[in-house]
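The following features are taken from TrEMBL:
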type	residues	note
SIGNAL	1-16	signal peptide
DOMAIN	22-150	domain 'Cadherin'
DOMAIN	266-365	domain 'Cadherin'
DOMAIN	368-466	domain 'Cadherin'
DOMAIN	467-567	domain 'Cadherin'
DOMAIN	670-776	domain 'Cadherin'
DOMAIN	780-885	domain 'Cadherin'
DOMAIN	886-985	domain 'Cadherin'
DOMAIN	1098-1212	domain 'Cadherin'
DOMAIN	1213-1314	domain 'Cadherin'
DOMAIN	1315-1421	domain 'Cadherin'
DOMAIN	1430-1541	domain 'Cadherin'
DOMAIN	1542-1649	domain 'Cadherin'
Amino acid sequence: MIWVAFLPFLISCAVGNRTTEQVPFFHGHVFENSSPGSRVNGLSVPLKRLNSQRLCGAGESGSAAAHFKLLGEGSENFRVFAHHKRGHILLKTSGVLDREERAEYALGLGLCCRQCAGLSGEDEDQCPLVTEVASIKVDVLDTNDHQPTFPGADVKLSLDDATALRTAIYTVTARDDDSGKNAELIYFALPKNGSFYAVPKTGDILLVDSILGLDGPIKFKVFARDRGWPPRTSQCIAVEINPRQWPVAQTLTPQLARKSRSVMESDSPVLINVSEDAGIGSVVMNLNPVRFQTATFELVEPEVESSPVSVSRDSGDIVISRRLDRETEPLVEITVKVQDKRGPEWYLVRVELTVTDVNDNIPEWSMVPAPYLAVVSPDAPAGSLVYKLFAQDGDEGNNGEVEYFLSDGGDGRFEVDKKNGQVRTTGLPLQRDREYLLTVVAADRLGSRSAPAVVSVVAGARPPQFTNASFTIAIPENTPEGQPFLVTPAVSFQRKPISYSLLINPSSLFSISAETGEISLTRPIDYESDQHRYLLLVRASEGLESMSSAAEVRVVIVDENDCVPEFLQSIYSKDGVPETVTTATSLLQVSANDCDSEENAELTYYTLSPDFTISPHGTIFPAGPLDYERPNHLYEFVVMAIDKGEVPRTGTTTVRIRMANVNDEAPEFSQHTYRTFVSEDAGPNTLVATVLAKDPDGDGITYRITTGNEEGNFVIDSQKGLIRLRSSPPPRLQGVEYVLNVTATDDNASGGPQALSSTAQVIVGVDDVNNNKPVFEKCQQYRESTSVLENQPAGTFVLQVHAVDADEGSNGRVTYGFMHKDSTVPAFSIHPDTGVIVTARKFDRERQREYAVTVTATDQAADPLIGICQLNILILDQNDNNPKFENIRYEYFLREDTMIGTSFLRVAAHDDDFGTNAAITYSMSSEQPEYLRVNPLTGWVYVNQPISQRTYITREIAATDGGNRSSSVELAVTITNVKNQPPQWEKDSYSVIIPENTVRDTPIVTIKATSPLGDPRVTYNLEDGMVPETNMPVRFYLTPNREDGSASILVAEPLDYETTRNFMLRVRAQNVAAVPLAAFTTVYINVTDVNDNVPFFTSSIYEASVTEGAESGTLVFQVSANDLDLGLNGKIAYSLLEDRSGDHQYFRIDPELGFIYTQAVFDRETKSSYLLEVQSVDGWESARPGKHGQPNSDTAYVRVFISDVNDNKPVFAQTSYEVDVDEDADVGFAILTVSANDGDEGGNAKLRYQITSGNMGGVFDVEPEVGTIFISQPLDYEKNKRYKLHVLASDGKWEDYTTVTVNVVNKNDEAPVFTVNEYYGSVTEELDGSPVFVLQVTASDPDKDADQEALRYSLHGQGAESEFIIDEVTGKIYAQRTLDREERAVWRFVVLATDEGGEGLTGFTDVIINVWDINDNAPIFTCAPSCHGEVAENSVIGTSVMEMTATDLDDSAVGQNAVLSYRIVGSLDATNIEIGGVPIFSEMFTINPTTGTITVGMGGLDREQVESYLLVVEARDGVGMTGTGTATIQIKDVNDHAPRFTDHSCTARISENAETNAEVLELAAEDKDTGENAQLTFSVVAGDQEQKFYMVSHKQEQRGTLRLKKRLDYERHNEQRFNLTLKVEDLDFSSLLHCVVEVEDYNDHAPVFIPHFLSLAPLPEDITVGTSVARLVASDSDSGQNREITYSLSEESDPEGLFTINQSGVLSVARPLDRERIPQHHLVVIATDHGVPPLIGSATVQLPLLDVNDNGPEFEAAYSPVVFENVAGPQVVRLNQTSSLLRAVDQDSPENGPPFHFTVPAEYRHSNDFYLQDNLNGTATLTALRTFDRERQKEFLIPIIMSDSGRPAKTVTSTLTVTIGDQNDHAHVAGEKKIFINSHR
């Protein structure tokens, strides 16, 4: 490379012959960072080896004649130095080198001759080089100039605090840019001897001391140091470990998975109100409409279980799911996820439901303390505040506004303010020292009432009141003495100081502050030794009168979880567990103790190991199958014992399970499925695949093919797993693939119940050889029958083609396409997969009748083959064209004497359609007489009737095609006189033949007509045509020739034979007579074809393929061209054109059919494609300009691809490879990539690599498509140092092999191993003379050739380096402090052994040291200083009283140190205690000397005589150390007294409207027993069958309250009086009391009418006042005055007082009635009882009135008729704007109304002014009889007499005023007017 790089320079500079000899090579090195001028060591170039004399000339000194120069990249960093004495050339550095920047330099030593010597540096660059005379390599050696660096940031971890010791929790990694030893790193952590240890070689962080129970984080720093000299240390990386207590509180997982996309959620929530009494299941709202067309709804917040509403998934309804309560949850906020059903989008909707209030709460009292007590001065004035009531109502608004009422008591001496609840005096005198009981209630504004409360008011002094009637408190056992734990405050009603004292104080354990009432302990207590409950009695006293009250205080001692569970062993082990053990097998049992009590001592066992479970009793079971094949064949995990305290405590132990191997695991294939391929023409013994299985148990394996090889094409090597094709007979592969099931079976060497096997699939793809082209089998059928109808839309189905390819797979899968010319828009499209051809546009058959299409079928091989089918698609006709007449208008001149039947004119129409659509019939408009007719088929018009009488005839002629499309044209026939003749043509028709290329303006024919009249001139006109054949569009024009009176027809536009071949022109000649006549002739023009069309190829470029190796003469392709000309002009010949590439010589073409054939056998590897240029030539000279007599031609290209055939074998680049790999290289590490080349291409060059042998243990694998060999199993130098792999490369048919030798490089990969897994030692407590040797641990390094003396030991765990130390070289452990077994009996440590002098890998073991006991502790009673027990009086001898147990902190397992015996040394009674006497012996109790159980020793225990005993007990251990304790034994009461009522009889009264729970009476009883034997229960046992009453028991106060349970009804006879039997009872005895309860009536029934609605018969409206119309009676179920009733009428129902009712219920008419004002009365009769407050009932009386004819008719309207003056009569008078009829109305009913009769008084009947006509239909007409003069009389008053039809009839007279209207019939008359003007100044 160096020579090549400088070659241009050498060529330009060389002045001699350049040598081709190989130059010598020299190698040196220099350390980086060396100062400039440092010599390159190891490099000395002898001058005699450089041939400088020969190159620069003989006879000259080498040193003088030669000059040397360094060449190459980086040469500027060195300079050449000649050492003349030694004859050597040396190198020195010219700068400071950096190995990390560049580690080596490849330089050349160049030679200049004499003329360069001594030149300056600049000139030296220009010197001519002779040559490069040496090659030099300089290595830059590393110095330790880089410190290690950690790439990441500081580390923070969370770790379960129960993680097993020695667990690797993290690995730190640093990097060092140096190399070798300078880059080898060791890790260490500071501070040392913490809970964590860094393994020096790997950076693994190990847990070496328990972190159980630690709350705060553990912080330490880790450093990396290299092994260079001097060593460099990195900056630290800080590690913070946060212990995570187990069990971890489960964190809520997010509800919304982010697989879907979120639409922006709405900003504002949906607000809605809902009543709190809404029913369950009611719909609050619907979330629709939403943003999506369809959506689902899901409640995501809050949880469904806690939400009061639910959301319907599909409808979006929000439904009430549980009762709402505004008082506890006034606002319900929910979040709903709306998910699009059709996509991933979703968004969230927030809904806020405001719960509105309903009145569902009653006021509740809130005064403290209870009971409610108050005092008042007997002399208090009116209005003095006594007490303040306060109640709260959870509702809001009016529902929650509270008012207060005094319901009972106080004798009127107190009142309650309704609003503020203040109880005040009314001013009535108060009786001194009397207690007034006030019953008060509170109610909201809607009437909901509270339970009644009683306020006790004493008119004078009363004792203090405690804030609670009794106090109960629980205190933990560790409550400090002297610390107040309870305050018992009392209230002084006299506002005097209160002092507190204890009346009952068991064992003087408690004290109370006299001033504050604070209670505290006098000594510490222990739950496990003291009693758990204490009853105190506190007294509060005030003043000199010593008024006092007392309250009970119950103190409950609660166990404090102050003991940690402790396991009996720190490590539990089980060896030899077979790996086939079932989950029902118990492996071992662990056990722990907890010195707490109850729940705090209840233990539950847990383990974090997923492999094991543990029962509640500590039995360990496998959680699933166990496996021997794991590191060290060992399971190690932590078991926890957790108590059930509120803050649980945890103890841990380590469990080790060592497995025994069993053949329980089947062989495991390296892959579940192997995929490979083989060519279909592969030969015998071709390697197909290599399967590899490994048995985890280490057993041997055999292979066999079980299924998929029915044809026997495959064989397998049972030992190596090589699958090959059979050798004989030759394999015959068919189909696309084979699926082989291969079974690997072990040899059961590990001793299982049976051999095990597993199966893998080998899928062998058969690579098809693409040797078949796609073929259109029905191509001829497609050519003959393919068509499509014109005018169909794009996309119309035309045809589905199908091609078949005999190949398999992608070689046989065909896609379809078209070949077409470039830039042409295809008329059709084809689906590439289905072959369905559809139209790409709409077709018009009349423009193009068929289309040539070339369809291609291409297979999907890498070198595809193509088949074609050329076909013509016909466009079928649709009747979409109207017939077109040849001329716009037909005109003819016919002589009048033309004979009938004479045909004189032929009309012709053309239709561009085809077939029946173009079949035309002619018809003529039928007008009579029918002079003319047309032949329907020929179009000839002929005379049908004589025409001599007509001068002009016009008709419409219609042409109709076969599809009823038609058009018409006008025919005009002029009838001429026999003497008047039209012009005469020289010929009836003219014919001419012209070529289509006739140029414009060329005359083609001359025509002539003459007039037989005097003037021979005629005019010519070329008739307009309607179709191309009749000159539409214009192709010809006519020019008259004045010279001879003829006319010429000339070509107007270019002609096209292919478009129109014939023309028929109609020419008109007309004379110039007064009545011009015309004659017609026809010119027939035939156009002949010329060669003007090019034979165009169907495509500009064709693609085809031919398989390499195909024999000569193989058909390749067919090209096709089209020529629109005819005959020779359109006959096409094909040829191949020669080109410079010479590709044409390998092919030939059929000149007539266009078939291309091969003329050679091809090799794709030589040339893969050929480009041919084909030419199409028609058969005659071209008529196109510029062709110069040559025929027309076109060219196209044919690209012929040579399809590959698998005829080349793969070849490896090397026959063998060798590579070194470290034994600690990771699994998956790529060690080498082998590569083979195959001369084929595509699928034939697709290679598969396999390892066929040498892969012992399956430690290597190869990427089958790449050839990369990688590690698949861990390497172990100690097991195998060298592998020789045979690797195969196969293309499916051909194979090649190479050898890969892998050398395993030994590494320190084996950690030290201790001789035993756990070491146990012991040391006696309290020994002096430290240090004391305990035990020695020993480890060894299993690495080969390892230095066993380089092991270093370290001790870790609590107590390491403080209580115990270890010699790091010998492993001896010493105790260096005096130990106390009672503080800690067992010490557990982790000992680490690290190789490489403490800087390598680390092994570990456990050390357990037991501290042996000596007797240095006396017994201690756990309950001291005060131990309590109790026993019932009269207990029999031997009854157990209490356990007087002592403890000895010494070890009970060592001698008699903790073996205790007990005895009673004396007793004290109350007298002895008070006088401080000494104990005396008592035989009343005895003690068990072994257990300490105290029992009754004598009969006759009597609580009434002695309530308690005090015993002094001694405990003694086996060595003689003693301890004493005092036992206090309380004598418990026995229930031997029956309770008695204090009263012998009782009576009570209660109103029937009393509320439930109302107090009826209060009773007291007494019982001489105490405690629970004196707690009394009251009940109703007889006289209350319907359970109207119940008793409330106040057990402590020995009183009971009789209360109402159900509402009473006085009206029920059996509820007016109750004879009740009441019972009081304690636990065993009872007594009875009879009590009479009288029920008082309450006005709770309203009067009731029966019936409550009364409908009366109609009454005449003129009924007499005072007449009785009905009688109503009401009843009342109450008694006494509550049932007396008063009747009245509701004023609203009778506001005018028309009726009255008396107290008998009789309803009468009080005033005259008028039906016309009120046709019907609805009277409400009210019955009111005399109760307080009164109640009412009502009934309704319906009274209709009958009409009386008491109203006469009246005008329907206020008529104001006007009759204008000067109008002659008679005239009908208009009574108003709309009518001239006079109408009347009557207020009476119809029977007393119409019809009405009209007349005038007799004196008006004969008036000359007006006449009234009764129309006898209820109307009348008024007629004015004369002319009126307004100036004489302005109005007329006409009396109208009207009568109705009633019986009797009612007649009235009304006056009609007729006004005479004014007309302006008087002239203006002069007049005067006086005007006065006043002026004021």
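Cβ atoms are placed via backbone N, Cα and C, with glycine included.
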Compare 368-466, 886-985, 1098-1212, 1430-1541 by their Cβ pairs under 8 Å to the domain 'Cadherin' (1315-1421) and return the stretch that comes out on top.
1430-1541
Given pairs 6 or more apart, does the domain 'Cadherin' (780-885) have at least three Cβ pairs under 8 Å with the domain 'Cadherin' (1098-1212)?
yes
For the domain 'Cadherin' (368-466), residues assigned helix / strand / coil by DSSP:
4 helix, 43 strand, 52 coil
Averaged over the domain 'Cadherin' (780-885), the pLDDT of the predicted model comes to 87
Quick tally over 368-466, 1098-1212, 1213-1314 of CB pairs under 8 Å to the domain 'Cadherin' (670-776) gives the top stretch as 1213-1314
Under the DSSP assignment, what numbers of helix, strand and coil residues are found in the domain 'Cadherin' (1213-1314)?
7 helix, 48 strand, 47 coil
Of the listed stretches 1098-1212, 1213-1314, 1430-1541, 1542-1649, which one has the most C-beta pairs under 8 A with the domain 'Cadherin' (368-466)?
1542-1649
Across the domain 'Cadherin' (467-567), what are the DSSP residue counts per state (helix, strand, coil)?
3 helix, 49 strand, 49 coil
Tally the residues of the domain 'Cadherin' (1098-1212) by DSSP class, grouping H, G and I as helix, E and B as strand, and everything else as coil.
8 helix, 47 strand, 60 coil
The domain 'Cadherin' (266-365) resolves under DSSP into 0 helix, 48 strand, 52 coil
What does DSSP give as the helix, strand and coil breakdown of the domain 'Cadherin' (1430-1541)?
6 helix, 47 strand, 59 coil
